[in-house]
Amino acid sequence: MIEESGNKRKTMAEKRQLFIEMRAQNFDVIRLSTYRTACKLRFVQKRCNLHLVDIWNMIEAFRDNGLNTLDHTTEISVSRLETVISSIYYQLNKRLPSTHQISVEQSISLLLNFMIAAYDSEGRGKLTVFSVKAMLATMCGGKMLDKLRYVFSQMSDSNGLMIFSKFDQFLKEVLKLPTAVFEGPSFGYTEHSVRTCFPQQRKIMLNMFLDTMMADPPPQCLVWLPLMHRLAHVENVFHPVECSYCRCESMMGFRYRCQQCHNYQLCQNCFWRGHAGGPHSNQHQMKEHSSWKSPAKKLSHAISKSLGCVPTREPPHPVFPEQPEKPLDLAHIVPPRPLTNMNDTMVSHMSSGVPTPTKRLQYSQDIPSHLADEHALIASYVARLQHCARVLDSPSRLDEEHRLIARYAARLAAEAGNVTRPPTDLSFNFDANKQQRQLIAELENKNREILQEIQRLRLEHEQASQPTPEKAQQNPTLLAELRLLRQRKDELEQRMSALQESRRELMVQLEELMKLLKEEEQKQAAQATGSPHTSPTHGGGRPMPMPVRSTSAGSTPTHCPQDSLSGVGGDVQEAFAQGTRRNLRNDLLVAADSITNTMSSLVKELHSAEEGAEEEEEKMQNGKDRG
């Protein structure tokens, strides 16, 4: 008992799953019932993966399950309905790539429970064939024109006239879909639904039916149907326009432009929910846009329209012939003919080995006439397929195809059963078959060798693209040179560091010496000031020279000694700027300049070593690539 109650709860949860997910989308906040109904049914269509199945795949599934041979009022059980739905989704997965496979079991469960909730509210466990066809043809993907053509073929007689009673039955079935998504008060079936579609009781042909259903606006009871198709077309349309209410920088889907407010545009979410701001009101007329045109395109279109260069608008659908196509009578097109041998065109050989013509050769002259008959049959079918892109689902057409296939199968079976060949023909055919088998074996061997070569080349390419330590050891000479270059580079860097340290120490010593010289000069100046024999030219002291910033590191002390002292303290530069009064200053200047020259040569040597190392690395890498 506990298990049974648990299974019942699980079954009820599965039945309510689709409706729970639909309520979670919060479609009820949409203000207009037409958009609300279309959004709900579009959600059901995508959730059940019906948008991946077009009307032609549905017709094929109906034929595979024998629904085209049943009367519209025939009732089928839920188990058979599940079989039909299973065949639809399993065939769909065969057509889809492996990366886009769907969950077949989940899709079957969702669609089956939705159809039972919509068409078997009384719980009888049976649905009519017409209900199944109407629902699946309406909810599947594909073009609306193809769907309406198929629906009309199910409601018309042999003369191509619509039967109003069947159209009324179609409205009853298709309007159960809005009722199933809780929109029955807006789009439920009434007795006057047929009159709203066709007010005048007259003969309705295919073109008139298509004109009415695809008109703008369509019949009131079916206004949600073309809107659902438009929703599918504009789901991924991008509009680089800012919404005037929510200030979203861009829009996806529909775009609505007010006809009264200047440059007032709303995204579909704001328009569906009735949002308005500023001078705009919900009572203003809005224009729906399903695409975006730049101002340049609008201007060019306006100019072309004013000049009369715009082509006339194409009709919403092609014009189809008023009279339906007459079924082909296969008894006259493929008349029965005497059963003949497949080898009647061969020449029989006598025991002497001399080829002698017999009645087989005479019969070979009649073959062109039979081939002409078959070619005429094929040409007629090709013409029909060119005129009608896809043969509609009708029992008479299926019976003709079955009769044609059965006749050809019987002919081939009889020809295969009544074959009588002379021994010479059998031996000749045996030799030919043997040669063919040998040729096939040779081709298979060549194919196998080619595949092995392709696999070998692929492995070599993978090994070449992924270098390993073993491969790196294949050229020890290059590795040794690279190792020496790196070692030399390290040594040069260490030497440069040591020279920089020595330069810093020398600069410190220079600073100390210059301080001593400056102090000595100050003492001498003080003594000269205090002595009465001091010359008056030395009484006022001397001005301090301004430091000079160096722009060259390689100048000699005889031309511009200040250029050699860039980077040292101001005291050093000041001392050397006063002239060459002492040998100590000259010695210091020469030492500083030699340090600078040594550093320059070291830097150049280091750069040349680095460039050489880079060239060697490139050579080694090129050698690896060629290897």
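The backbone N, Cα and C atoms fix where each Cβ goes, glycine too.
Summarising the annotation, Swiss-Prot assigns N-acetylmethionine to MET1.
For THR11 (among others), the entry in Swiss-Prot reads phosphothreonine.
DSSP assigns THR69 (phosphothreonine) to a helical segment in the three-state reduction. Among the features that Swiss-Prot reports, phosphothreonine is placed at THR69 (among others).
Within the same chain, residues at least 6 positions away in sequence whose Cβ sits under 8 Å from that of THR179 (phosphothreonine) are ALA118, PHE187, GLY188. Among the features that Swiss-Prot reports, phosphothreonine is placed at THR179 (among others).
What Swiss-Prot lists as phosphothreonine is THR212 (among others), and the listing cites similarity to another entry. Other Cβ atoms within 10 Å of the Cβ of THR212 (phosphothreonine) number 15 in total over all chains.
Shown in sequence order, TYR264, GLN265, LEU266, HIS280, HIS284, GLN285, MET286, LYS287 are the residues of the chain, 6+ apart in sequence, with a C-beta less than 8 angstroms from the C-beta of CYS258 (Zn(2+) 2 binding site). For CYS258, CYS261, HIS280, HIS284, the entry in Swiss-Prot reads Zn(2+) 2 binding site, with the evidence type sequence analysis.
The phosphoserine annotation in Swiss-Prot covers SER394.
The region 'Syntrophin-binding region' annotation in Swiss-Prot covers 399-448.
The feature phosphothreonine is assigned by Swiss-Prot to THR424 (among others).
The coiled coil feature in Swiss-Prot is assigned to 428-529.
Among the features that Swiss-Prot reports, region 'Disordered' is placed at 520-565 (among others).
Sequence annotations record features per position, and here Swiss-Prot assigns compositional bias 'Polar residues' to 549-565.
Per Swiss-Prot, the feature region 'Disordered' maps to 604-627 (among others).
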Where THR212 (phosphothreonine) falls in three-state DSSP terms: helix
Across the region 'Syntrophin-binding region' (399-448), average pLDDT on the 0 to 100 scale: 69
Largest tally of Cβ atoms lying within 10 Å of a Cβ, found at which of the binding-site residues HIS280, HIS284: HIS280
Cβ neighbour count (within 10 Å, all chains shown) around CYS261 (Zn(2+) 2 binding site): 16
Residues close to Zn(2+) 2 site centre defined by CYS258, CYS261, HIS280, HIS284, Cβ within 8 Å: GLN259, GLN260, TYR264, ALA276, PRO279, SER281, MET286
Rounded Cα separation (Å) that holds between CYS261 (Zn(2+) 2 binding site) and THR212 (phosphothreonine): 33
In three-state DSSP terms, the structure that HIS284 (Zn(2+) 2 binding site) belongs to: coil
